[in-house]
């Protein structure tokens, strides 16, 4: 690092002293905390983004959001060149950077890292970082801190894209690095045109079914409601009523997908007048989505259609299109492509959903908890679908498969325009454009559900009846040291300490169709317990018994 660069970093970082006694850690959500203590962290993540851009020689994204957290919180995270999350290899450096005690330590850390990674820091190259923020009042000043961090690296330029959903920023980064147009209008155009294409391809018999097509959306009083208002104007023939769009209520307070999914109640602004209607809820930065319907005489209780059921609906639809595309002996004509379709879940997916997917003959695989693991695994397939129960997920299409599909669609439109096969090819191409392949996106997911239900001719009730969730219970046990628990097989088996898995197995065997696992929390000294059984009483009893084992082996009872 030359002297000019060193002095710029020293001078700019001195304006952002670190808060006393705060230690932050970069996880799936980036850095998150009370907004009042984040200035120095966001400034330093600006530096990180610039270095990442220089290293990859690509455009990088920086998003300021705390998603479904309360309004006084905020956070910051990086979007890598693919539009995905920051590579895990850089997370330890992110932690060290955020927690460096003072300017001298910070510059020393950067100097060492730049040498180790061979990052060209002499200012001869120009790189660009796209910035976005959600609607939180603290976002503006934090964005300014990020800009100052970026501009303290010679050659790095910040491009402020304004208020965005998190998935919009990730989409823009991916599109720009593929050499495509990537304004907010381009995003809306791609979503609305691919949605229109899917709706135009709905089988005629189904299209005229008198279904209740109204959709009521809870915008979590966040950026998603705001953006859906814009998108709505571009969608003809879809009756959307947007509530909690942020004009009056408080972000994530009694609203949003996280609240609806955890509490299993209707969000604020929904009531008896909405009984039986199709409703959906976005989270604070619009990267999660759940559907629901309000039950009658229920005191706000709902029938929840979570991420597991969204995944099942998409898997069913895609499997059907592949079947149509490959029927009638195309194998002999070399026009057959055996696409590998994979469904990726974590151990938290309800056992009933896994059973249902396997009964459909789908390949279901498990990964440890966390979007980065799910996304990575889904990318191994021609078409990989992943969703967590909380409503975060997407569908990935391999470049190889899309290339084949484009070619096949061109062939079919030349030889058998309007045939069932050609329609199936067009539907799959439209899905690949409507779904956000960079990251889970509530707006694109919302529209894909609408199009798929219309295609099937299903109401939200029929969809909800695909299978019935097994009752489950989640508990947390405070422990002295969470790292004492080591798991294997996508966190479903405890390897260490010895004896605990045997105890869990013996307890689980007492209940029919039961399963139970424990895993260390990623953020606090607690062990999480998940239990599932055929009745709520059995699930509660199993969870409580296993929580007691954990306490005996590792908790404060053990000391």
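One is the number of the first residue shown, and numbering goes on along the chain from there.
Cβ atoms here come from the backbone N, Cα and C positions, even for glycine.
TrEMBL does not curate its annotations; it predicts them automatically.
According to TrEMBL:
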type	residues	note
DOMAIN	58-91	domain 'Alpha-D-phosphohexomutase alpha/beta/alpha'
BINDING	67, 283, 285, 287	Mg(2+) binding site
ACT_SITE	67	active site, phosphoserine intermediate
DOMAIN	306-458	domain 'Phosphoacetylglucosamine mutase AMG1'
BINDING	388, 389, 390, 519, 520, 521, 522, 523, 528	substrate binding site
DOMAIN	489-547	domain 'Alpha-D-phosphohexomutase C-terminal'
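Across the structure, residue 522 (substrate binding site) and residue 67 (Mg(2+) binding site) are spaced 18 Å apart at their Cα atoms.
When Cβ atoms from all protein chains are considered, those within 10 Å of residue 528 (substrate binding site) total 22, not counting its own.
Counting residues per DSSP class in helix, strand and coil order gives 4 helix, 13 strand, 17 coil for the domain 'Alpha-D-phosphohexomutase alpha/beta/alpha' (58-91). Using DSSP to sort the residues of the domain 'Alpha-D-phosphohexomutase C-terminal' (489-547) gives these counts of helix, strand and coil: 21 helix, 17 strand, 21 coil.
Using Cα positions, the member of the binding-site residues 388, 390, 520, 528 nearest to residue 285 (Mg(2+) binding site) is identified as 390. Distance noted between the C-alpha atoms of residue 520 (substrate binding site) and residue 67 (Mg(2+) binding site) is 23 Å. For the domain 'Alpha-D-phosphohexomutase alpha/beta/alpha' (58-91), the mean pLDDT of the prediction comes to 96. Here the Cβ of residue 388 (substrate binding site) has 23 other Cβ atoms within 10 Å, regardless of which shown protein chain they belong to. When the binding-site residues 388, 390, 528 are compared by Cα distance to residue 283 (Mg(2+) binding site), the shortest distance belongs to 390.
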